[in-house]
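S.K.: Just dropping this structure here.
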Amino acid sequence: MPSFDAKQLNGDYTGLFSSAYTPSGTRNLLEPAIQVIHADGNPSSELKYVSHQQDTLDQSHDIGLTAIHLKDPVYPFEVTLYYKTYYKENVIEQWTSIKHTESDVVRLQKYSSANLYFSSTNKYYLTHFHGNWAREMSPEEIQLTAGIKVLDTKLGTRADLFQPPSFFLSLHQPLNHVDEDYGEVFAGTLAWSGNYQIQFEIDPLRNLRLIAGINPYASEYFLLPDKEFITPSFMFTYSCQGLCLASRNFHRWARKYRIPQGEGNRLTLLNNWEATFFDFDEQKLVNLIKDGKKLGVDLFLLDDGWFGNKYPRNYDSAGLGDWQENVQKLPHGIGYLVNEAEAIGLKFGIWIEPEMVNPKSELYENHPDWVIKLPNRSEYYFRNQLVLDMSNEAVREFVYDVVDRLFTQHQKLAYIKWDCNAVIYNAYSATNPHQSHLYVDYVRGLYSVLDRLRKKYPSVSIMLCSGGGGRIDYGVLQYFTEFWPSDNTDGLERIFIQWSYSFFFPAISICNHVTDWGKQSLKFRTDVAMMGKLGYDIVVSKLDENELLFSQQALQSYARLKDIIWHGDLFRLVSPYRHEHDIASLMFVSENQDKAIWFTYLISNRYCAGSNGVVRLKGLDPMRAYTIQEINIYPGADISTIIFQNSLSGDYLMTFGFDPMVDTRRPSVVLELTTHI
């Protein structure tokens, strides 16, 4: 009987399990981070350490960059791993560069952004998110066991519709059993707006291997000699003080380094969509603009339906792609509306969906080769539309011109809502010489257009929308000031959706609108919308006297408190996902801890449901005294409000707590905490 080395039987006999970037072939039998076919047809790779370098990227030494250079010992094939460290925010951004000088193309079959390795001393509990239209970001926690768990998408454009590229790992114990301020948490998100794949593999030694990057599905990439392939970034953070600190790490990083004007201002707005849908004319819009002024918002946003003449955009199956004003609806054009808004002190914004086209459009008739569709196959539509081929330079120029022309012709235009409602069916490019490049080149083409626009118009506010939350990631958010998390604006549902997005994204980036969706009171819907970037999608003229007065006062309060919500630290106090709770509660604390805004919502309609006792606050200065006062009080409300005359110390509020007095008569309460020095 042959003898075996015990280390080989029980250990990593390949020496590859803990690789920083695991290649395929040779001795590796685990999931690779990179898989290539060399110019001579060899399907294996080896990567050996060559050198590394470390640099400081700013004078304050807050950002560092580490580059680790790897090379195949046989082929002129190189990989560089980059780690950009944001020291104050405790966030690391990782990406990979691949290049070669072989005799011909190298076929990249898998090209991950990151390959991380976790010790086997831990148990791993993965929380990932799933959903669909109007029910985005539903969390699900599982314990990772032997084998591979894969998060991925193959939708192409509206890629995050079913599964966003964000997750967190709880080490040792499930998050459901842990307070948000306790436990070890690793949170990660991929900055890519197309097909992605994130793999969690428990190896034979019970270690966890995490591989994240572009989904290799139908995406073999032909890399020419002396060319460089750069992967998207994978961002991650670690917290030994629970999930909420991991969230705050991402929030601070995003506000400072990723989202345009992340430390700046935002505009409250009134959108016409739910007031008119496609049915409007110039006078109706002028009246709505005046309603926006009466309400007290900063901007009026004209949504879908303003364009198309041969095929008027009177419904969602025609006109998309024909970006000229509809002369029947807008005889004096967009400029007239911009001027009408400016005359009464409002800014003006407009909706576009430039990546898409209706078959019933002049654009489709004139440029059928610009459309992603298969030859010799039936066309399949998503929301009655097809996707333009952003890998085509002519299409990219067209999309850029759509937006640039709007700003050139209407220089006082202040806001764009950029939508993306369709996924990629019929995946085929009429002009791309490599069909397997389409999914990658589409996203790169989109980014190139957005980059040009953002450089030319650096201060313009742009909302990212994708039929709700179908495209939300830190790749595309480097070009957008904010995003639309869901078309579901029911007040109760939005608590859950906004809560989940807050795990990864700061409040200043999350657009929350007050609408008529749902049966909750106007106050409840307003209180929920105020926990992010506030907007309105209502018919102002239908509000009664008290509803209008309440909305006006709420906007005034929001203008006074928005800096705390947008730039303060978030502390989630009571989760709506914990079934033993009747409430959801969270608060924002200013950087110097002198002010806080505390939101509490009833999420149960059962008899006697409510806060039923104290909620312990977080993030306050234990040595300071805080006064507590309720805001957003509905006019004429006969339910007692909270005006706590005595001050309570931060230590008391965090140790013993305070009852927000939420119940079926008071289903939402907003409290302002202020120190007096």
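Just so you know, glycine gets a Cβ as well, placed from its N, Cα and C.
Just so it is clear, the model here is predicted, and its values are computed rather than measured.
Okay, so TrEMBL annotates it like this:
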{"type": "DOMAIN", "residues": "18-221", "note": "domain 'Glycosyl hydrolase family 36 N-terminal'"}
{"type": "BINDING", "residues": "Trp133, Asp303, Asp304, Arg383, Lys417, Trp418, Asp419, Cys420, Asn421, Cys465, Asp487", "note": "substrate binding site"}
{"type": "ACT_SITE", "residues": "Asp419", "note": "active site, nucleophile"}
{"type": "ACT_SITE", "residues": "Asp487", "note": "active site, proton donor"}
{"type": "DOMAIN", "residues": "584-660", "note": "domain 'Glycosyl hydrolase family 36 C-terminal'"}
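Quick one: how deep are these features, and who are their neighbours?
M.R.: In three-state terms derived from DSSP, Asp487 (substrate binding site) belongs to neither a helical nor a strand segment and is classed as coil.
Within its own chain, Asp419 (substrate binding site) has Asp304, Trp351, Ile352, Glu353, Cys465, Ser466, Gly467 as residues 6 or more apart in sequence whose C-beta sits under 8 angstroms from its own. Under DSSP, Asp419 (substrate binding site) is assigned to coil, being neither helix nor strand in the three-state scheme.
Cβ neighbour count for Asp487 (substrate binding site) (all protein chains, 10 Å cutoff from its Cβ): 17.
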S.K.: Please find which two of Trp133, Asp303, Asp304, Arg383, Lys417, Trp418, Asp419, Cys420, Asn421, Cys465, Asp487 have the most distant C-alpha atoms, given that the record lists them as binding substrate, and give only that distance in angstrom, rounded to a whole number.
M.R.: 19
S.K.: Tally of helix, strand and coil residues over the domain 'Glycosyl hydrolase family 36 C-terminal' (584-660) according to DSSP?
M.R.: 6 helix, 31 strand, 40 coil
S.K.: Note down the number of other Cβ atoms within 10 Å of the Cβ of Asn421 (substrate binding site), including every protein chain shown.
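M.R.: So the Cβ neighbour count for Asn421 (substrate binding site) comes to 23.
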